[in-house]
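What TrEMBL records for this protein:
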{"type": "DOMAIN", "residues": "A:8-64", "note": "domain 'RNA polymerase Rpb7-like N-terminal'"}
{"type": "DOMAIN", "residues": "A:79-156", "note": "domain 'S1 motif'"}
Amino acid sequence: MFFHIVLERNMQLHPRHFGRDLREKLVSKLMKDVEGTCSGRHGFIVAITGIESVGKGLIRDGTGFVTFPVKYQCVVFRPFKGEILEAVVTMVNKMGFFAEAGPVQIFVSNHLIPDDMEFQSGDVPNYTTSDGSVKIQKESEVRLKIIGTRVDATEIFCIGTIKDDFLGVISDPGTNA
Amino acid sequence: MSIEPFNRLVKLAARAFYDDITTKGDNQPKSGRSDNRGIAVVILDALTRRQWVREEDLAKDLKLHTKQLRRTLRFFEEEKLITRDHRKEGAKGAKVYNSAVAATVDGLQNGKEGDDKIKMHTHSYCCLDYAQIYDVVRYRLHRMKKKLRDELDNKNTVQEYICPNCGKRYTALDALRLISPVDEYFHCESCNGELVAESDKLASQGTTDGDDNDRRRRREKLEDMLHRVEAQLKPLMDQLARVKDLPAPEFGSLQAWEVRANAVARGANGDNANDSKSGQGLGFGGTPMPFVGETKVEVAFSGLEEKGDIKSDVSVTPMKVLPPWMIKEGMNLTKEQRGEVKQESNMEGTSAAAGLSDDKKSIGFEDVKNIQVKVIAFCMVHYLFLPFSYSALSIFCPVLSCLSSPYADEYIKAYYEALFKRQKEQEEATKMLPETSTTDGVYNTSTGRQVGMKSKREEEDEGEDVEWEEAPPAGNTTTGNLKVDLNVQADASEDDNNEEDDIDWEEG
């Protein structure tokens, strides 16, 4: 689920950026540092949408670096148990398949794949129904439900299922191609 | 509170879940001799026949070793089937417990022989906790079914993987770390062994390396197992449903139970005592007076003849509005019959004694009758002048108090009491029967006569003290006579007093 929240961060800026465009430098550095990271508390920081305030800088003794407390608005993404997500399959193996929904990695084990789909090994490993009408392989888009999350300080990993109503493949790269 | 359905529940649950529980540890070699499977069922069954039971007694009854029993009981305690209580107690506490047991469990042998040497030991008691058993069994069934169902459709279960080499377990949440770059299997982080999916432990062992028909086979197995669970546990579930709305038997804590059981026992004993007492005392209507018992025979003799009359009288009295002193007699009678109050019974005794003395006189001394007649006539005169006035009472009461009879005081007391009661009843009766005023005259005369008898008694007393005192107390007969007398007179409305009285006394 996405949230638009305000976070705060202490930015250290090298003295070489001090000048007319100090502020732009500060923001670009903040974006570079923060976007794409993951915190266990807030989830993945997807994008910074604005700066709330930049506090007074504090010059560090010895180094000349200046620390600015920066408040910024950002969009975060945090997966929850029971949430329905659309994801792209990244890897298929005998144990199940992995998929990505943006920054989040999701594993769907073969027990959570409908029973009528069977694993086909080969050049392109995939799960296919007996009549071959539905196929899950790399790059397939699937809709899945998160049934478990594992949230570390800097990492979020999910396991999902497609064994439920209205879950499963939503666009098959095989048919498109 | 029916305990039977719950006992059945316990028995079913015992057979379903605790049939193969062995109290031996896994490390001990299981020889045929030490195999004590099924003991759990025996113990649970035994507990259904008891309430709180001391564990030594239970062991003795079951011919089990105490340690073995205790181990099983501890297991049951963990399973939340029983509640246990440990307390330090001497012979006294044991006695309390024993009496409680004796009160609640009949036909159960208690090991009483060991009680003598008890000196402040810690004793353990155990008792089935029916309410909790109901919940535990229900929860257990729920978990079983949920596990099977989840397993069946693999819903919301986090897949677990296990390393066959080192036994390390992983969940699907670790999957990202477990993927190996070389093949499509998960590999153990520590030993790099190939991980095996673990959730099919229920259905199929060792076939996990098979292919996808493996999953189908597992599914079939699970379905089969679920069906079997449903079928085999059906009696238990039915019993649960049956028990659902019943209040669970509650024994409370050991102390509370003992207190309650002893109280019940005492109550029962008390009842028994009362019964036996009343059984003995039935003859004299529950009166504690020892000498009245002698009159029993006489009661039987003449009571038979006059029973009908007495009854009719009793049924009539509440209908009529009667002057207090007259109705006192009626009250007396009814109370005698019910055998209620001491005072009344005393009164009965006196009146009976008086009656009997009268009897004697009527039989023995003819001239006494003449005196009686005179007195009655005198009283009649009095009552014509003072009808219905309580001042008449005040006239007679001092006279009564002069009686040499030892019952005189009590007699007067009872007299007043009865009078008071009758006044109340009278008030009620007057409300109910407005036409009573028409019959006043009749009652007047009858009361006159009634009181006349009494006054006659006074006369006798005054004249023949010896007779009065010596007279053995008669039973209800004479009072009954008096009553009958009254009725007849009320019906006959003013006959000749003398004749009437004469006849009556001879009848008695």
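Every residue, even glycine, has its Cβ placed from backbone N, Cα and C.
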Helix, strand and coil residues within the domain 'RNA polymerase Rpb7-like N-terminal' (A:8-64) as assigned by DSSP: 16 helix, 22 strand, 19 coil
Residues of the domain 'S1 motif' (A:79-156) by DSSP state, where helix covers H, G and I: 3 helix, 44 strand, 31 coil
For the domain 'RNA polymerase Rpb7-like N-terminal' (A:8-64), the mean pLDDT of the predicted model: 92
